[in-house]
Amino acid sequence: MVEMPNPSSQEVSSSDLSAPPAKKKRSLPGMPDPEAEVIALSPKTLLATNRFVCEICNKGFQRDQNLQLHRRGHNLPWRLRQRDSNAEPPRKKVYVCPEPGCVHHSPARALGDLTGIKKHFCRKHGEKKWKCERCSKKYAVQSDWKAHMRTCGTREYKCDCGMLFSRRDSFVTHRAFCDALAEESSRAQNNNSVQDEQNARRSGSAAAAASASSPPPPPLTPSTTVVSPVLSLQSS
């Protein structure tokens, strides 16, 4: 006896093959490798830009490799440090924020890039030296200021509430919040109108029930008939 293939099993297998693979979640910033070397630099060393100085133009560099590459422009002898093939692979380095109260001051939340920890320290704990002349915004990192100056005043995104944004991501974030707020307010207004209508109906039905339950007025009798003054005089 030949067994017929189950079409449902074929459909399931084909759907499993066509389904995209699950994306790998990115690790949160500041969660380094536990085996990495943690380096803590002082604010002065972290912000230093002239540790390695060129003897020709007195230009400072933070790393010796950058100085050696710069020396080529002056036709000076230069030499990059070569990694020894027999040596062990270099240990990964992570950097903590010098500010004690910062969340990245803990080695468990260290950043794996020297430039990243430097920009973080400037943005969160440094002085904002660069100011935009158009909108008076201040920045602590020069690259952030330059990026802002390229778009400030050239592209504007206006929300229905009247606020203006020069960055699209800020506008999208605000617009989502603004739309949610407007939807919530309209929903509250609809609920209030429905409740008012229900209260009006209840009050109307209560008045009708009260009028139906009240007894009718008694009929007029001869003793209770009202006699006008003229008839009373004629009768007297």
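Each residue, glycine too, has its Cβ placed from N, Cα and C.
Here is what TrEMBL says about this protein:
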COMPBIAS  1-17  compositional bias 'Polar residues'
REGION    1-35  region 'Disordered'
DOMAIN    52-74  domain 'C2H2-type'
COMPBIAS  187-197  compositional bias 'Polar residues'
REGION    187-236  region 'Disordered'
COMPBIAS  222-236  compositional bias 'Low complexity'
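Here the domain 'C2H2-type' (52-74) is broken down by DSSP into helix, strand and coil counts: 11 helix, 4 strand, 8 coil. Within the model, the domain 'C2H2-type' (52-74) carries an average pLDDT of 89. Note: the compositional bias 'Polar residues' (187-197) comprises 11 helix, 0 strand, 0 coil (DSSP; helix = H, G, I, strand = E, B).
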